[in-house]
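Peer 1: Please read through the structure below; I'll follow up with questions.
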Amino acid sequence: MLWLTVSLTGFALLGVVAAQQIEGFYYPYHLLGLSDGCVETLNTTISSCSQVLGQQANLDSGAVRVLVAPDLNELCTTACVDDLKSLKTKIQSTCSKDDVMVKNDIAYPGSWKAQLESPFGYDDSLASDFSSQTSSCHATGFTFTTPTAYALNTTATPAPTPICQRTYTVLATDTCASIAQANKVATFGVVSLNNLGTGCEALVEGKTLCLPETCTLRKITRDDDCGQVVKDANTTIPRLIAWNPMLNPECSNFLDYIGYYICISCLLRTPGGSAKPIEGETAITAVPVPTNANAESQKNCAKWYVVQPGDGCADISVANGITLVDFYFLNSGVNRDCTNLWLGYAYCVKPVGNIQTYPGYPVTVPSTSFTRPPALTETSTETLVLPTPTYAPGTYDNCSDYSRGMPASWSDAAKLNSCSFIAHINGVTVSQLLQWNPSLSKDSCSLSRELYYCVRMGQPVSEPIDYDGTLCMNIQDDKDIVPGTISNCNCFSYVSGGLGKLYTTCEDIVSEFDYDVGHLVELNPWLTKANCTKELFADLSGPYDYRYFCISNTGDPLHQSPAKSQTRTIHTTSTVQRAVISTPSSVSMTNSAPATATSTGGPPAPTQDGAVSNCTKWHVVESGDGCWAIYTKYGITSDQLFEWNTKISKDCSNIWLGYAVCVGV
């Protein structure tokens, strides 16, 4: 499914939208000097219109994004259009010709005239529109003088061409993540330097890539966070952000890059986080400020960059060898979420001399200890405050995983939001979901899109998870089936684009159904065994872009007896709104403990292999237990639990239900 865009004609109602209230978007109409009746009418909430309309009308001053099919289905409803037309008619009848919106005591024609007479505000198209509108309104007294163009004898530095220290030729089986891992470079560097797109969709066999500098790597998993990564790497959050410029200053977008390899140590970066200048490249004088420079950028600048279509702040910083933090400092008018870059305008991308000498530059001061009578040691600390999602009422606050429901407009949303399905893919039971989320109802248990729920407490227990539903998706339109799929397929699943394609392969998928890639290709002849993964995800750009594929022509494979062994792997997603098979991690589940387990007289139940002989305290594994839950319950550390139970793996995927583990010596 290809990305879809909204035609400009879709904004024909923009004037109406801006004069009323969409849920979640508010405007102080009472401050505009309008009549009481007009204000009351304008203050009407149109509940039938989606918040997507407010976002696309730019009511939140954010970025207008490209929409995909589910967004369009939510946006383009007959009820919304009818209600907007009705409100427009009511506004026209309630608000008189004296109800003129005068913001900040400036009449609109007058402010427009002043703008057109300024060399900084004049534009031929705006001038034509102004003349046309004042003429149609029979407004007089607004004749303007075309200003003399304001010019400098300089132009902005053209977009730089990346200098490649190394190159790489793409193979048929490559992904952005595999290239990054093999060459010891960050995934984002590979993606941004070569304009491959967030989902790596522009990666083509035979293409020559420019590789970024090497560094020590770590792959982001769904269980990571910035604090844990910097602790493990013995570094700091400012350094981590400096080495990985796609991370925002608060590091709150860390989990947007699950599956990416990031730098946790980089020799070519200074400890403070700024890009270390290559010898001889430190600028000592500023270049002339270009005529198209952003007004709020530093004028004491050694290099300017003109924003091109598709650019983002992180892309610009990587291409110009500057950290994202420094880019924001040199261009203070840019929002920290980079939603207000102006196309065709120039931004400063290189300081003059040492950027730390600029007034107002935030300098990181090392931790300091000093003594004064009486002796007192003070140590500076670094605090990271991350935004928190809205949790369901009463939901446990110590869970290891949270999730929310899919949008109602999605195919099979009711099934995929059901507690039985959520429990199944997370390796827990419905009873546990109800226990961890008291707001959920046993009779109609389903996750809401607006709230986050606890879906896992520690690691899942190694036991089969009952699920009486089906993995088969309900296809609404046969046109969604890829041509060439076998005609007798009676069970479909689907995959999504975006980050999902970075860590999902055909091998991951078939491992769930106990057959090989060859059989998957037989079910879907439009795939080939040699390029199965690439063909499965072809043209899937974003996380809301998905494709159906056949997983069985003999019924739901979930309810068929496994042919090869008792062990089955259920792949899970970090958030429920991703496609069913989009796998950053997996939970291994077994039907029973191995028959070789032994029992002793002391423990209250059979023990797992590897328990120490001097154990004095035991815990019998119950449904819902995981390593985190066990060592937290007994006030011990994870290291102690693994030391006393040497055969338990670090990911706790092999503890056995009903067996005793040592929790004290």
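Glycine too: its Cβ is placed from the backbone N, Cα and C atoms.
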Peer 1: If you look at how Swiss-Prot annotates this chain, which of 117-142, 585-610 comes out as region 'Disordered'?
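Peer 2: That would be 585-610, the stretch labelled region 'Disordered' in Swiss-Prot.
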Peer 1: What is the nearest of the glycosylation sites ASN234, ASN531, ASN614 to ASN398 (N-linked glycosylation site), using the Cα of each?
Peer 2: ASN234
Peer 1: Quick one: Cα separation, ASN234 (N-linked glycosylation site) versus ASN614 (N-linked glycosylation site), in Å?
Peer 2: 35
Peer 1: Among ASN43, ASN234, ASN398, all listed as glycosylation sites, which has the most CB atoms within 10 Å of its CB?
Peer 2: ASN43
Peer 1: So what's the average pLDDT for the domain 'LysM 1' (166-211)?
Peer 2: 87
Peer 1: Identify which of the glycosylation sites ASN531, ASN614 has its Cβ surrounded by the largest number of other Cβ atoms within 10 Å, counting every protein chain shown.
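Peer 2: Of ASN531, ASN614, the one with the most crowded Cβ is ASN531.
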Peer 1: Whole-number Å distance between the CA of ASN531 (N-linked glycosylation site) and the CA of ASN614 (N-linked glycosylation site)?
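Peer 2: Their Cα atoms are separated by 54 Å.
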